[in-house]
């Protein structure tokens, strides 16, 4: 290819026609894994779709809490749509080439929704914090308007972060390998292929990871510390259990999303010796499973959603029978 033979200097930026995604080439039993991913995607679409429909068509669920839940469901749906269909396409068509511009588009949308997921879980922690620590002022603090403003702010913040970090990739030259060892156009595996200085991209990846992963997780932890302090000040055991029971579903989905990612990034950052195959498999599982599990957890653990989802299915079943 001619771009590989181009002389590189400080004033020339070389962009290849595209990249080859090779993260699953050496993975054993890859057929089974892609069947599993197809099932995960179907469940993601069905359950998140059902969750969105149930909340939208029930006026009694038009509250700040369920607005935050809808925000999470939309992000979950989009996040898995950014990656799983492309991964399945590589497996079915045996075509792992992705054009340069499309690579940046995929990178942009993946990190936009992955970072938004982190902030969406933070918003749900804020909702629980207000409900338990300030019960008498909850309706005045956590209104539909304030929740809309918070969600809009986080989307705008993530939009700016993702736009800045992705735009930095256009300043890199790629004159050697174009083989990306990941399951999509991942930020770090792509910028490490550059043949010019990528210290700015490395700094952006490190600093923005702190903003979008460590920062929200720290806020969630501090929120639950405040919640526990408030709960243990309650006089009766029943009130304590009732307050804590409203947090169970959120704690589950926070653990599912944050713990695997924090473990993977901590091991990779400190030792740098994590097996590439293990990294690809772990990261793909850590990013694809939470959007599938989140709506199931909320449907099973939240009484309001579970009751109305059953009514919705019963009504649809009766309608089908009458037809």
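Including glycine, each Cβ sits where the backbone N, Cα and C put it.
Listed in TrEMBL for this protein:
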type	residues	note
TRANSMEM	32-57	transmembrane segment
DOMAIN	47-298	domain 'G-protein coupled receptors family 1 profile'
TRANSMEM	69-88	transmembrane segment
TRANSMEM	108-126	transmembrane segment
TRANSMEM	147-169	transmembrane segment
TRANSMEM	207-232	transmembrane segment
TRANSMEM	244-268	transmembrane segment
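On the 0 to 100 pLDDT scale, the model's mean across the domain 'G-protein coupled receptors family 1 profile' (47-298) is 89. Note on the transmembrane segment (207-232): residues 115, 118-119, 121-122, 125-126, 128-129, 132-133, 158, 161, 165, 240, 243-244, 247, 251, 254, 258, 261-262, 265 of its chain, located 6 or more positions outside it, place their CB under 8 angstroms from a CB of the stretch. Long-range neighbours of the transmembrane segment (108-126) within the same chain, counting only residues 6 or more positions beyond its ends whose Cβ lies under 8 Å from a Cβ of the stretch, are 65, 68-69, 71-72, 75-76, 78-79, 82-83, 142, 147, 150-151, 154-155, 157-159, 161-163, 165-166, 184-185, 187, 208, 212-213, 216-217, 219-220, 223-224, 250, 253-254, 257-258, 287, 290-291.
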